[in-house]
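What follows is a single structure, written as structure tokens, with notes after it.
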Amino acid sequence: MAAPSPSPHKPRRKAKKLGIGPDTHVRPRSEIFVRAPSFPLAAFLWPARTASSQWQVLPLILMVAGLFRWAAGLWGYSGFNRPPLFGDYEAQRHWMEITTHLPISQWYFHDLEWWGLDYPPLTAYHSWALGKIGALINPEWFALFTSRGSDDPTLKIFMRATVIVSEYLTYIPAAVVFVRRYSRLSGVSSWTASLALVAILMQPSTILIDHVHFQYNTVMLGLVLATMASFLAERYKWSAVFFVGALMFKQMALYYAFTVFAYLLGRCFFPHIKLTRLFGIALVTLATYAVIVLPLVIGTLYDSYRGVTSRPDLDGPPAPLPIFPWVTKFIDTNAFYYPVVEVLVQVLHRVFPFSRGLFEDKVANFWCALNVVLKIRNYPAVLLQKAALGATLLSILPPNIIIFLRPRKTTMPLAFAATAWGFFLFSWQVHEKSVLLPLMPMTLLLAGKHGMNREIRAWVGFANILGAWTMFPLLHRVDLRIPYAVLTLLWAYLLGLPPASWSVYFDERGTTWSQLATAVLHTGFYLLMGVWHVLEAFVLPPAGKPDLWVVANVGVGVAGFGICYLWCLWRLTLDSDILPARGKPKKKTQ
């Protein structure tokens, strides 16, 4: 007997239920129904909407980012033909010189008046590796003493290449991974995520400082980005490894330290206490510090065994420690381990320069602006240190309390940005280039929910244009006005931002009072920046006030950065749902 024929009716599959939690977002309608490009960058990548894989677009983005970096590097650099000390370019080259020629115990003591090494050990190891590679090409580039101030054009090519290679090994892969994870978490389409990645990699201030002025900030920023990407993947031990690496490359990563600590602590206590996770993170953190410091310790012990001292210019007993002199009351200066103590104390002394003063040069932070009125630099250093510490803590506590109580992946960049703005505005010894630290996490908002929509794009654009503008005096001093103008205006044009376009403030469906207020506020700052450029270019300051235009730059910049801090803090407060809702039912959370 034949078997009965199967029924043509197939049961309907049940739709998968979406978990609705604090870190889960359904793709917004604006991400689905995009009918026409609303700014030039979207128009350029419009055909990529139908790409079947992100790998069709990613190679293009990476090539374009590399092209602009290399082209920007064709310009001069900090200190070019400017004796006697030249500039940051010479500092980086000099560190390659001393790390490849001197015993490791002398790295942080050698000729401190000529760009003495003042970054943590990972920077020293990085300089050593690059110096060894460069010496294989041309040993004269890093010859001890005789190579100082070298302007060899082939050396410039090598140095520019080291920045790009270092960035493509750290910052760029970390940015790609972060954008991919953050956009997926926020329900953002891959095409929109590609737009955000281009905007992040083409950020003008980063290119101007690292690839034109010359530094290696993106290595540290890349390690911080890897930390944030590990947060998104809930790989907390790896996040500890990456962040310790960032701190041990550049001490400026301390701008993010409170937020990293608060977020990890929040993830260990909410919604349930996980002590094993907390202890695991602590052990990995300590182990990473130990591994990074170990070469310095072993090298110093080996130098001591060979009879090599850290200060060969001194005879007799060891010199007093520059900080913590009381330590010698409890340890024997003739002990075998004392050279290690001496080197580690010297590293701390060089890395944290409390003796340099409250701020360096004219920088757009609170203390420099206040000094115009009160001349606070004449106050006792101890009083200024306490004031800076108190103001910094007051500014960074609110965002870190919020991210501790609501450790959400989606609000993490806002907490990083608000904390970094607080440090930049109020902390001790701030440099103009330090503005890169709050700008990086704030720019990452472009990859999140509604990131490429008008409101967030307007605020992120405002912060970046203002940040580049406040660095103009620094760039102007080394004749880098043209790359500043080209890169800043190009970025503004691509994202449809002022001064190229004001369309970011007006919606075809109608402009709200909030949008109008934002437009008026930002337009006022853009007009001030434009007028300032005209005055700086064509009007000489009064004879008695030669720094008038620079001081005006500081005043406008600190006001704008303060507003950016408040905006980040306000958005963090709203998006964290930490305020009691009025007349709204509570959302279910997992």
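Backbone N, Cα and C atoms are what each Cβ position is placed from, and that goes for glycine too.
Annotation source TrEMBL lists region 'Disordered' at 1-22.
Residues or ranges marked as transmembrane segment by TrEMBL: 57-77 (among others). Non-local neighbours of the transmembrane segment (57-77) in the same chain are 45, 48, 51, 87-89, 156, 160, 163-164, 167-168, 172, 176, 191, 194, 197-198, 201-202, 207-208, 211-214, 478-480, 482-483, 487; each lies 6+ residues outside the stretch with a CB under 8 Å from one of its CB atoms.
Look at TrEMBL and you will find 157-179 (among others) tagged as transmembrane segment. Sequence-distant neighbours of the transmembrane segment (157-179) (same chain, 6+ residues past either end, Cβ-Cβ under 8 Å): 58, 62, 65-66, 69-70, 73, 89, 92-93, 126, 130, 134, 137, 141, 193, 196-197, 200-201, 210-211, 214-216, 218-219, 221-223, 225-226, 228-229, 232, 444, 447.
Taken from TrEMBL, the feature transmembrane segment applies to 185-202 (among others).
TrEMBL lists 214-233 (among others) with the feature transmembrane segment.
According to TrEMBL, the transmembrane segment annotation covers 239-266 (among others).
Feature annotation from TrEMBL assigns transmembrane segment to 278-302 (among others).
Under the heading transmembrane segment, TrEMBL lists 459-476 (among others). Residues 203-205, 208-209, 212-213, 361-364, 432-433, 435-436, 438-439, 442-443, 445-446, 483-484, 487-488, 491-492, 495, 497-498, 504, 518, 522, 525-526, 529, 533, 549-550, 553-554, 557, 560-561, 564, 567 of the same chain lie 6 or more positions beyond the ends of the transmembrane segment (459-476) yet place their CB under 8 Å from a CB of it.
According to TrEMBL, the feature transmembrane segment maps to 482-504 (among others).
What TrEMBL lists as transmembrane segment is 516-535 (among others).
According to TrEMBL, the feature transmembrane segment maps to 547-570 (among others).
The largest share of C-beta pairs under 8 angstroms with the transmembrane segment (516-535) comes from 482-504, of the ranges 185-202, 214-233, 239-266, 278-302, 482-504. If you look at the transmembrane segment (185-202) against the transmembrane segment (239-266), you find fewer than three C-beta pairs under 8 angstroms, all six or more positions apart, and that falls short of contact. Contact counts against the transmembrane segment (214-233), taken as Cβ pairs under 8 Å, peak for 239-266 among the stretches 239-266, 278-302, 482-504.
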